Amino acid sequence: MSRLVEDFFAFLHVERGMSSHTLDAYRRDIGALIAWGGQQAVGEVVALDRAQLQAFVSAEHRRGLSAKSLQRRLSACRGFYTWLVKRGHIAVNPAAGLRAPKALRKLPRILDADEAVSFVQIPTDTPLGLRDRALLELFYSSGLRLSELCGLRWDGLDLDAGLVSVLGKGSRQRVVPVGSYALSALREWCASSGGGAQQPVFPGRYGGPISARAVQVRIKQLAQRQGMAKHVHPHMLRHSFASHLLESSGDLRGVQELLGHADITTTQIYTHLDFQYLSKVYDAAHPRARRKAR
C-alpha cells in the first residue's frame with residue numbers, strides 16, 4: 001500500500017481512536033479497492049475518478065458482495081478520499097455522492113426474558129462455572145459490546161456502587177449500571193480468581209484479556225449444553241438487554257445512552273422488535289384480531 005494509505009490508517013488509529021477491529025475492516029475495504037485498481041491497470045487509488053469508483057462498486061456488486069458490505073466498503077473509500085482532500089493531496093472527493101445498493105435491515109434475534117434468565121443461570125460449582133456465570137450475567141445485565149467485555153479490567157468495575165465503566169466505539173467512555181445478580185456473580189468470581197485492579201476481569205489462557213473468539217465459542221457451547229434451539233451468540237445478549245429494557249421502560253433515549261449508540265436511529269431498531277412482540281400478543285389475545293369482518 002502507498003505511503004498515503006498507511007498515513008490514513010495511522011490517522012484513524014491515533015486521532016480518531018478507531019478500534020483494531022474496525023481498522024482491520026477498513027484495511028480490507030481499501031485493500032479491495034487497491035487490488036481492483038491493480039487488476040484494471042487504472043493507476044494509484046489516489047488518482048481514481050468518480051467513474052472509476054462507480055465501476056469498482058459495480059464490480060463488487062456483480063461479484064456477489066452484499067449490500068451491507070458494499071455500503072461499508074464505500075464508506076471506507078469515502079472517508080479515505082475525504083481525508084485526502086483535507087490534507088490537500090487531491091482537490092475533489094471522487095466518492096462524494098456515490099451510493100451503494102440499500103441493504104434490507106434485518107431485525108436482530110433475541111432471547112425472550114425467560115430464555116435469557118434460564119441461560120445465564122449456569123452452575124457455579126467450579127472456577128470455570130463461576131467465570132462463565134459472571135460473564136453471562138454481566139453481558140445480559142449491562143448490554144456491553146463483546147469488545148468492551150473482553151477488555152474490561154477490575155478497576156473498571158465499582159462493585160459497591162454497582163457500576164461498570166467501559167471505553168466504547170470512538171473512544172467514548174460510558175458508565176452503565178450492573179444488576180444485583182451480576183454483582184453477586186462478579187463478587188464470587190473476584191474472590192475465586194483473585195484478580196488485581198489492573199488485571200482483566202475475564203483473563204484468557206495466557207493471562208491477558210480473553211479473546212472475542214473464545215467468548216463466542218464458549219457461549220455457543222453453553223447454549224448447546226442447555227439444549228437451546230436458538231443460535232446464541234454474544235451480541236444476542238446485548239440485543240436482548242436492549243429489547244427487554246425498552247419493553248419495560250419505553251425510554252428510547254435512556255437505552256441509547258446505556259448501549260453507547262452515537263445515533264439514536266441505531267437504537268430505534270429495538271422499537272420494531274417491541275412492536276413485533278406487541279403484535280403477537282394482540283394477535284393471540286384479542287378476540288377480533290384474526291377474525292374476518294362479516
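Each Cβ is built from the backbone N, Cα and C atoms, and glycine gets one as well.
Annotated features, as they stand in Swiss-Prot:
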ACT_SITE  R145  active site
ACT_SITE  K169  active site
ACT_SITE  H235  active site
ACT_SITE  R238  active site
ACT_SITE  H261  active site
ACT_SITE  Y270  active site, O-(3'-phospho-DNA)-tyrosine intermediate
DOMAIN    1-85  domain 'Core-binding (CB)'
DOMAIN    106-283  domain 'Tyr recombinase'
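Overlay of Swiss-Prot feature records on the structure.
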residue	record	Cβ neighbours (10 Å)
R145	active site	19
K169	active site	16
H235	active site	15
R238	active site	22
H261	active site	16
Assigned conformation of H261 (active site) - DSSP reduced to three states: coil
Cα-Cα distance linking R145 (active site) and K169 (active site), given in Å to the nearest integer: 9
Cα separation, H235 (active site) to R145 (active site) (Å, whole number): 7
Number of helical, extended and coil residues in the domain 'Core-binding (CB)' (1-85), per DSSP: 68 helix, 0 strand, 17 coil
Cα separation, H261 (active site) to R238 (active site) (Å, whole number): 12
